[in-house]
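Taken from TrEMBL as is:
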type	residues	note
BINDING	GLY16, LYS17, GLY18, GLY19, VAL20, GLY21, LYS22, SER23	ATP binding site
Amino acid sequence: MEALAGIKHVIAIASGKGGVGKSTTTVNLALALAKEGYKVGVLDADIYGPSIPIMLGLSDFTPQAVGEKQMTAANAYGIVAQSIGFIIKSEDAAVWRGPMAAGALTQLINETQWPELDYLIVDLPPGTGDIQLTLSQKIPLTGAIIVTTPQDIALADARKGINMFQKVNVPILGLIENMSFHICSNCDHKEHIFGTDGGKRTAEKYLIPFLGAIPLHVQVREAMDSGQPLIVSDPDSAFSELYQEVARKTIVEVASQQNSSVSISISDDE
Ligand SMILES: Nc1ncnc2c1ncn2[C@@H]1O[C@H](COP(=O)(O)OP(=O)(O)OP(=O)(O)O)[C@@H](O)[C@H]1O
């Protein structure tokens, strides 16, 4: 698989279960990496429910053709974005089988006029079936980040995701526990609606880095629905600071992956 010209690292955001906050994580991680000073892009590969256009306030964007074989990406809040949702209706894509979805997505990734990027964050469709497997093999991934809630059924699916990436030799950069606990907007009371520390324990069990625990908060949902993520509209909030921490840990994990692959290739040459 060829690396993408001008893009240093491609990171897949994956979850076994739907609705656990994969797209929310993709957008916030991308914005947090940009705030750390990196050039960042987002690729929304979630053919069943592309929600990145709404989350970045880009619902009206349509890519323009550049020459015969390329198209423009959108710009929002200092990052670039491309989405399958800019091009086709999700009802049409919902019936695609693995090879067709993988073909459309490799075309989307290869034919977008990406600027030079340090990180391209890819929002994969939820699940661990054929489509996810094919995509993980078609896109030149540096590594994957698994998003889960602390709930048992989400964790069981997260474990399937971990196994899938291990099977195709994609390094797992870490696990993010989203909706870790609920914070009441009236009294700030903290409640573990989906259980306590399930994601953290799963990360420990599989020896993968734990990148952070993100609370369930109504402001987060409202911000994403309005296309103005909190990292942009309220950069000093506790939520934004948590994401900066996740971004910093991700940078460290990507660097350590690179170092380990360098040492493997050095020892291979010996
Ligand atoms: N930490 C959070 N606090 C509050 N709301 C959240 C949080 N994370 C996600 N949400 C909300 O939950 C819903 C689902 O999130 P999101 O679309 O990111 O999940 P997903 O895993 O990408 O879903 P899908 O399976 O459809 O791809 C969205 O309305 C989002 O705003």
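Even glycines carry a Cβ here, placed using N, Cα and C.
With a cut-off of 6 Å between Cβ and the nearest atom of ligand 1, the binding-site residues GLY16, LYS17, VAL20, GLY21 reduce to VAL20, GLY21. Within 8 Å of the Cβ centroid of the ATP site, not counting the listed residues GLY16, LYS17, GLY18, GLY19, VAL20, GLY21, LYS22, SER23, the chain contributes SER15, PRO126, VAL147, ALA154.
Shown in sequence order, SER15, VAL147, THR149, ASN178, MET179, ILE214 are the residues of the chain, 6+ apart in sequence, with a C-beta less than 8 angstroms from the C-beta of GLY21 (ATP binding site). When the neighbouring Cβ atoms lying within 10 Å are counted for each of the binding-site residues (LYS17, LYS22), the highest count belongs to LYS22. Here the Cβ of GLY16 (ATP binding site) has 24 other Cβ atoms within 10 Å, regardless of which shown protein chain they belong to. Every protein chain considered, the tally of other Cβ atoms within 10 Å of the Cβ of GLY18 (ATP binding site) stands at 14.
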